[in-house]
Amino acid sequence: MLISSVPIAAICTGIAVTLFYSASYYLFPALLNFWLDTLSISKNNLTFAFSLSLFVQAFAFPFYGRLIDRGYGLILILICPIMIGLSLLYLSYAAELYIVFLSGWISVNFFAAGCTYNMLFSIITMAEKKDTKRTIIIITLIAGFASTITFPIMTYFASTHGWKFAIMIIGISIIIIGTPMLYAGMKNYVIVKVPKKLQNNNKILLRIDSKLLLLSLPFFLIALNHQMLVSHIIPLLLEKGVEFKMAIIIASLFGPFQVVGRLIILFFREKISDTDSLFYIFYMTVISLLFLYVTHISPSLAFIFILLEASAYGVTSIILPLISKDVLGMSNFGQKFGYVSVFYALGLSCGPWIGSLIWTNSNYDFVIIFIILSSLIGLLICYILKYKYFKSLPKK
């Protein structure tokens, strides 16, 4: 593929992934208050269902990664989006029943594992085309608006036509728009015949060594912290005294401000290394949480929080596959990256539920303190990585 045509493919992929993330990550927090008002299901049980679905998603990554290593990436990008759409239609049909709510979310996120950032960027990285980083950045720039679209639009449809109608709209959109867009964007990246040098291990399960584990832990903490915030941001802001309409606006800025971080990387990618960006994420998270903690003094401080936290987190999806490739190598990369993605997705899955548990036994101030402490632990792990593995990486 010529470099001049990369943006077209990236734009198509970005549009598709925007819809997938709207369904798998932002739909739940957007409709949480509506479910609390209409369903006889507790907040803990609602967030547990979502957390469990992300937990299932986590362990789907090595499975999908192995399929990619064996040349079945095309099947993933065709089947997974359709199944997400059908799962949402199922969820909209009878979600008043907890078993339907639970199984519906599990299905959504199991199939989302095969067609969102982690596996798509694995495919793009393995293709080894020119300017892989630029392609990934363009996709994330577009998909970064998922929250901007999801929160206001789903809130509008749920308020005017009911939450079931809102879910149906996004489910149908994924089937008729997301699937063909993803195929158009990814068809030239999929490797049908994977070189032997990239699949030299026939074992179903690869050994998780200390290098892979140490690399995975910071990304686990990043995901844990961010998803805890995203899933609870509206009730957290309400507890801080922020008005509901303003809380919706702030929540919808997660996406655009992620784009800010990605634009910084796009324009300064020759000067800012991937490893430096990893440190930046944790530092900015700590600073942003300090602003969130004192939001009760002035609601406008929440905008500073969302700018710093979201812009830092937005860099994660770019550096995750690139650092993984540099540290772990290209042999069996799909499956290795799948294991790294397991830890990342486990963080996402634990976030909503842990946030609920902390809130139930105290309040959201303790959630903020917990995230600050876990970010400091993440920084410590990054320094260990720096002296153990990052020093040997080429400067970028």
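Cβ atoms here come from the backbone N, Cα and C positions, even for glycine.
A TrEMBL annotation is a machine prediction, not a hand-curated record.
Residues or ranges marked as transmembrane segment in TrEMBL: 7-28, 48-65, 72-91, 97-124, 136-157, 163-183, 204-224, 244-265, 277-295, 301-324, 336-354, 366-385. Under the heading domain 'Major facilitator superfamily (MFS) profile', TrEMBL lists 211-396.
Of the candidate ranges 7-28, 244-265, 277-295, 7-28 has the most C-beta pairs within less than 8 angstroms of the transmembrane segment (136-157). Confidence annotation: the domain 'Major facilitator superfamily (MFS) profile' (211-396) carries a mean pLDDT of 88 in the model.
Under 8 Å from some Cβ of the transmembrane segment (366-385) lie the Cβ atoms of residues 214-215, 217-218, 221-222, 224-225, 228-229, 232, 236, 275, 278-279, 282-283, 285-286, 289-290, 292-293, 354-355, 358-359, all in the same chain and six or more residues away from its ends. Listed stretches 7-28, 72-91, 97-124, 244-265, 277-295 were compared with the transmembrane segment (48-65); the greatest number of C-beta pairs under 8 angstroms is found for 97-124. The transmembrane segment (7-28) shares more Cβ pairs under 8 Å with 163-183 than with any other stretch in the list 72-91, 163-183, 336-354. Proximity of distant same-chain residues to the transmembrane segment (336-354), defined by a Cβ-Cβ separation under 8 Å and at least 6 residues beyond the stretch ends, is recorded for 25, 28, 44, 47-48, 50-59, 61-66, 113, 118-119, 122, 125, 206, 208, 212, 215-217, 219-232, 320-321, 324-325, 328-329, 370. Residues 16, 20, 23-24, 64, 100-101, 104-105, 107-108, 111-115, 119-120, 123, 167-168, 170-175, 178-179, 182-183, 186-187, 189-192 of the same chain sit 6 or more residues outside the transmembrane segment (72-91) yet have a Cβ under 8 Å from a Cβ within it.
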